[in-house]
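Features as listed in TrEMBL:
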- 20-43: transmembrane segment (TRANSMEM)
- 55-73: transmembrane segment (TRANSMEM)
- 79-101: transmembrane segment (TRANSMEM)
- 113-132: transmembrane segment (TRANSMEM)
- 138-157: transmembrane segment (TRANSMEM)
- 187-205: transmembrane segment (TRANSMEM)
- 225-244: transmembrane segment (TRANSMEM)
- 256-274: transmembrane segment (TRANSMEM)
- 280-303: transmembrane segment (TRANSMEM)
- 315-337: transmembrane segment (TRANSMEM)
- 343-362: transmembrane segment (TRANSMEM)
Amino acid sequence: MGTAHVFWGTISSYALPAEAASHTLAALISAQFTGFLLGVLSAPRLGARIGVSRHITVALALFAVALSTPLWVVNPSTLVIASVILGTAAGSLETQIGALALEPSRGPRALTVLEACFGLAALLFPALVFLLSPVISWRTPVAAAAAAMAFLSVIWARTHSTSLVRPARDAATQTVPSPGHPGARQVPTATACVLLVFAVVYAGFETNFANFLPRIVGSHGDAGASVLAVSGFWFGITTGRLVAASVVHAIVGRKALAALAVGLTGVLLGLAYFDGELLAALPWVMAAGLFASAMFPVALTLATRIGGIPIPVMTSYFVASASLGGALLAVPVGITLDRFGPHGAVLLFAGAAGLLVVLIIAHTRRHD
């Protein structure tokens, strides 16, 4: 999952033609998160129709196919199709796993640990591409990731009848009442809806900031080396989530969200004035990751507590909102980067972080 979220931003410096504009990358990211939205929305229905185990097997196989596409084809139209497939597979998988992690018996720490593992892959993949591209080729880590997903698909298909699958299906059956049941509320509360908008804005920032970082910090330097900024951002996120996992009960609240959003806004405003050198940008980038690290799991945990609907349904709404944010913000960022350069793009991200502060204040007043 972590690899998927930084995939195009990492390999675009190598796979796309040198003259490709930022809006080409924006189209790939927007297509991926449109597919992600389709995967999230279709996951419950497909899981019920073909079974959870088969659904996961198919998603893993599609994941492998999409990751391998840039190894053979560099045509933008074909890559957009592959991006939609990649997003659909990723959305299906994240919905299933996220619902399991949010089971009340596991507590909020499970989601934070899951997000930390997610961040570890997003941290390692750009670093591997940077290290291996001069020695062998950027295709090597991409091929390894595709092969790993194909291997996981085969392993899952062979072990789908183990105890891991059956509790997942039973839990989903027991947790989500049928639509006709009197207690099967499907519409979240008004305060939870504010958090859904929060998810749109936050995910729009996180996914696009990570994917456009090589073009932001590499505008006056080596585009290949600039992928390290992606690793730096996810190093901050992963470190923050590992710390948050031990204190998650203390930070699940609106005040913590507000403090993190204010800090993120300040860091992004500082990043807007860096001098174009990667080493000068890295501290700001890692600080942005630290402030952003706990925002998504904290907001999602809050939403499941006050949403007034079953946890899997609220999780599906939340992840769908996040994928919508990733798709919507990609095009404005690409256009801003082409027209106003890296400073304009960073200021756009800072504006998104400032909007998060406004949404938290609105959520607090509505909740009170």
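Even glycines carry a Cβ here, placed using N, Cα and C.
Here the transmembrane segment (113-132) sits apart from the transmembrane segment (315-337); fewer than 3 CB pairs are under 8 Å, leaving out pairs fewer than 6 apart in sequence.
At the 8 Å Cβ cutoff, the transmembrane segment (138-157) and the transmembrane segment (343-362) share fewer than 3 close pairs (sequence separation 6 or more) and do not count as touching. Under the criterion of 3 or more C-beta pairs below 8 Å, with sequence separation of 6 or more, the transmembrane segment (315-337) and the transmembrane segment (187-205) qualify as touching. Ranked by the number of CB pairs under 8 Å to the transmembrane segment (187-205), the listed stretches 55-73, 79-101, 256-274, 280-303 are led by 280-303. Outside the transmembrane segment (343-362), and at least 6 residues removed from its termini, the chain residues within Cβ reach (under 8 Å) are 194, 197-198, 201-202, 204-205, 208-209, 212, 216, 254, 257-258, 261-262, 264-265, 268-269, 271-273, 295, 329, 332-333, 336-337.
Using the rule of three or more Cβ pairs under 8 Å, pairs at least 6 apart in sequence, the transmembrane segment (225-244) is in contact with the transmembrane segment (280-303). Note on the transmembrane segment (256-274): residues 198, 217, 250, 280-281, 284-285, 287-288, 291-292, 294-295, 298-299, 302, 343, 346-347, 349-350, 353-354, 356-357, 360-361, 364 of its chain, located 6 or more positions outside it, place their CB under 8 angstroms from a CB of the stretch. Tertiary proximity for the transmembrane segment (280-303) is limited to same-chain residues at least six positions away from its ends with a CB under 8 Å from its CB atoms, namely 98, 102, 108, 111-112, 115, 119, 188, 192, 195-196, 198-199, 202-203, 205-206, 209, 213, 216-217, 228-229, 232-241, 243-244, 248, 251-254, 256-257, 260-261, 263-264, 267-268, 270-271, 274, 314-315, 317-318, 322, 356.
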